[in-house]
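Scroll down for the structure; my scribbles are underneath it.
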């Protein structure tokens, strides 16, 4: 079939913008007898056809410059042309010939495994799908893995985790909704174009479905990026709130004060008993294992850098001495028997509560009750703080060379006289 459909022929069979051109003699738009009028082309067949092709190409190049009204008018003229069915049948024949190659390229592509992993993770974390409390389940699992009971601090952290996870979920769903809306709008636009073109050229329903799948595959890159960023945000949130290996949290200031006070008041033997650990754990609001770990770390740090902790030891020693003297003035109970811990011996001042001040004698014996009373009266109402001066309460010489702990030596500010063990004087010469 040599006929080509360009539009309704102009009146009088002349050459128009849209006409039905035929290469056969006597065809529309060509004078009878064949060839060019008057034999201008020397009887060469096809000369007029080359000119027609040039006109067609020129019209195609000017399509973009046409207004909407002009385009609608030419589309209507094409649909109403008497040769439209013939043109459509030719296009269907061509479509059947090329249909095999199109069908061979329509193989279903497998789902991206990375996208499947992202979807599974978002479902497990409670971000994707219906809200089922995935954040609460993750928080409970992390609490169980980190050691059992949920402390108030942990409950606050889990509440923060759930609120931030809900915020991530809200952002994810809002962005996913925008993505789906844009994808649906573009798909609808393309489907409308294909339906409009199906009036001119044959477009099968399967081809429309294939085009929709291509559009979705193009948009899937945006979807994958959104899910990837959401998964990264969830992982960062988990590592910050629920990871058991995260950076340890420091104790409260009050708990640290209590532990340091006990450590420096028992510097000669900083190994609290199980009863003392339980008491300290109750005071600090922590577990017994945390108390044990704190004392173990504190002993190691103190041995490694005694000079650095000497000033801190003096501060807590003064606090302990002041608390002891204030307790002695407020209560008049008799002093307790000397403690037998350590080789040097020590005595306990009554009224000191849980804090004890170990003060061995120079000869290795413990002070008697009369010596304690004499020492207390020699201190005067000013307490230890007035009589200690600038001397150090605890000396680095308290530890043996092999790293083991022993009883503290007599403080430099309190010395035993040489004339006899019956009296104790305060030495403020330093």
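Every residue gets a Cβ built from N, Cα and C, even glycine.
The candidates are 136, 220, 352; Swiss-Prot tags 136 with the feature phosphoserine. When 151, 416 are compared with the annotations in Swiss-Prot, the one labelled phosphoserine turns out to be 151. Counting every protein chain shown, the number of other Cβ atoms lying within 10 Å of the Cβ of residue 159 (phosphoserine) is 13.
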